[in-house]
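Q: As listed in TrEMBL for this protein:
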{"type": "ACT_SITE", "residues": "HIS240", "note": "active site, nucleophile"}
{"type": "ACT_SITE", "residues": "HIS467", "note": "active site, proton donor/acceptor"}
{"type": "BINDING", "residues": "LYS242, LYS469", "note": "substrate binding site"}
{"type": "SITE", "residues": "SER491", "note": "site 'Interaction with DNA'"}
Amino acid sequence: MPEVYLTFPDGTKEPFAARRILGRGSPANLEDLNLSRTQCQLEMLEDFEEEAIMNLTNLGQNSIIIERRLPCDEHTPQSKGWEISDVLDKGMAALLRPACRFYLADRPETTTVDITVLHDDGRPTKRARTEENSTRGVSPFGLLKVQGLPDWANRDSLGLSMDELVSGSIEWALLSNYMIDFGWLLQACPALCTVKDLLILQGDRPSAERLEQQKATATAAGIQKVTFHQPFVGQWGTHHSKAFVLQYSAGLRVIVHTANLIHGDCTHKSQAVWFQDFPHKGAHAPADMAPFGKTLLNYLMALRLPPSHKQIAIDVCNAHDFSSASAYLIPSCPGQHTGPAMHSHGHMAARAVLSKGLLQSRFVAAPVLAQCSSLGSLTPKWVCEEFCASLASGRRIDGALNQALGRPPPEFQLIWPTVEEVQNSNEGWAAGGSIPGSVQNVSKPFLQPFWRRFGGHPAGRQRAMPHMKTYTRYTRDGEMPWLLMGSHNLSKAAWGELQKKGQQLHVRSFELSVLFMPALLAAAVKHPHFGFRATKQPEYNPLHGLINLLQGLGDANQFTFWPLNHAAPAGDSSALRACMAIPYCLPPDPYSASDQPWSVNKAHPGIDAYGMKLENASAEPGAGRVMRIPA
């Protein structure tokens with residue numbers, strides 16, 4: 001057989017022997033480089049004198065990674081190591097040496113092997129892959145980088161990092177989260193070590209011993225002053241909000257995101273983040289605080305901060321101008337809220353904001369879509385009537401309020417990873433520990449028609465399991481009237497439950513999310529403070545791309561939200577289409593007959609992408625553990 005070559009669309013050609021293949025999606029540092037015979041098939045397509053055209057097909061359930069040995073140079077006579085050149089998911093195939101016209105690639109800027117699928121006649125045809133879509137539009141928020149992804153999937157709005165977001169010379173910092181690995185956090189965000197006054201709000205109830213360890217870590221890192229505070233919540237409640245409030249000499253940065261501050265969450269999972277910088281109030285600033293600032297201050301006061309930090313929070317909020325805010329802040333605070341306060345928390349806060357927005361007629365019957373990483377004990381009445389009533393709110397063009405009171409509720413859909421998606425993820429079974437849906441909650445019959453696959457392909461995150469939480473509505477074409485992102489999982493504890501014939505909202509947990517609407521974004525871009533920077537990093541802010549996109553926009557109704565997988569119709573200008581950084585497709589794929597929703601406390605059979613199996617699953621969420629299968 002002639003020597004097999006890999007040829008890239010840029011003309012680069014090299015022997016197949018210069019590459020190696022890793023089975024089951026293994027990371028590059030594993031020793032076992034073998035593939036089973038049943039996992040892949042190498043098929044001869046054409047045999048020429050100098051070279052052969054062959055097809056490598058993945059027949060197994062797990063991914064195959066093709067890696068390239070980095071070339072040597074005069075300074076490093078030995079190879080520099082390996083880099084990933086392509087990933088073949090289940091059913092995908094790589095065409096080896098695509099020399100003739102049938103196999104030429106039409107993406108000259110790509111750096112990966114052409115991906116093909118075999119038809120019944122044996123002729124390979126190109127399989128549509130996710131393109132470098134971070135430049136197809138702008139998004140008001142972004143995704144955190146994920147280790148091991150191709151460059152395009154970690155660029156611009158798809159490639160934000162915590163160390164750049166939490167950077168610069170910070171004077172006062174409020175850090176809010178559920179789980180915090182303090183030692184890792186200081187290494188990941190070294191700017192925190194220079195903060196003059198640091199307030200840590202955590203929700204996972206650290207022991208006294210752990211608190212002392214954290215204080216010792218802070219002292220060793222050179223932090224001048226650090227305070228650890230655990231906001232009070234009642235039974236079944238948690239402090240779950242994920243945010244930073246960072247004060248600089250030039251202004252204030254507010255960050256709302258979805259990641260626990262631990263290594264795995266910020267490195268391997270699909271996570272979302274929004275941030276905006278706000279300047280000091282000028283001499284001509286309005287006396288009244290802008291709505292975003294009022295909501296932020298009320299939320300901070302509900303945390304019952306230590307006295308010194310309470311006063312700092314009040315002074316900081318009063319000193320800054322929030323009138324250019326690009327999103328609505330949607331908080332949840334524990335309590336039984338009545339009167340006006342009932343409309344300031346949870347799904348009722350979302351209802352209050354959405355009810356003021358104009359809802360185009362094409363969205364009136366649009367389904368409500370939820371994507372989350374944890375499920376509470378849900379009931380049909382709460383999901384289909386109460387929760388969907390809030391998210392279906394909005395004023396139609398004729399002025400009537402569109403919400404599911406007195407009319408059939410909209411269709412509901414729920415994006416939730418399947419067992420197969422977790423099993424084949426970049427963390428294997430271990431990823432399921434961060435998707436705590438118990439089998440008791442997941443298996444409820446009324447939920448079964450709602451399930452939709454996560455996918456992840458539009459953002460290159462099909463193997464990065466979601467820990468982010470997003471909510472939206474969409475038309476059949478994928479257009480969205482709004483999108484909400486933050487810490488709210490799908491539960492009554494997070495969103496609240498109406499009581500006393502709708503006169504009281506009972507909320508159990510602290511949560512914080514941001515709600516994006518085209519009209520607010522369009523107005524924010526025109527504000528003279530929009531684009532303000534409190535510090536130099538990060539160089540890229542997803543919001544700032546809106547300045548060029550919306551320059552000269554006359555009618556805000558012309559500005560619409562679309563998913564990354566959206567392709568504008570031929571001849572249709574996409575100048576006013578913001579491609580929201582959501583990693584799933586719209587419409588999302590429904591479950592197939594063989595798909596099962598992931599449940600954390602069920603013994604799922606089989607081995608994962610690392611050759612591990614799940615065992616010792618019990619009735620307690622997170623009780624399952626993974627173990628390596630002997631070779």
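Note that Cβ sites are derived from N, Cα and C of the backbone, with glycine treated the same way.
Unlike curated records, TrEMBL annotations are generated automatically.
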Q: Would you pick out, from the recorded positions LYS242, HIS467, the residue whose Cβ has the largest number of other Cβ atoms within 10 Å?
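A: The largest 10 Å Cβ neighbour count belongs to LYS242.
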Q: What's the CA-CA gap between HIS467 (active site, proton donor/acceptor) and LYS242 (substrate binding site) in angstrom, rounded?
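A: One finds 12 Å between the Cα atoms of these residues.
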Q: Under 8 Å Cβ to Cβ from SER491 (site 'Interaction with DNA'), same chain, six or more residues apart: give me those in sequence order, or none if nothing qualifies.
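A: The answer is SER374, LEU375, GLY376, SER377, LEU378, SER509.
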Q: Just how many other Cβ atoms lie inside 10 Å of the Cβ on the residue listed as 'active site, nucleophile'?
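A: The Cβ of the residue listed as 'active site, nucleophile' has 26 Cβ neighbours within 10 Å.
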Q: What's the CA to CA span in angstrom from the residue listed as 'active site, nucleophile' over to LYS469 (substrate binding site)?
A: 12
Q: Report the same-chain neighbours of LYS469 (substrate binding site): residues 6+ apart in sequence with Cβ closer than 8 Å to its Cβ, ordered by sequence.
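A: Within the chain, LYS469 (substrate binding site) has Cβ neighbours under 8 Å at THR258, ALA272, GLN371, CYS372, SER373, MET485, GLY486, SER487, HIS488, ASN489, SER513.
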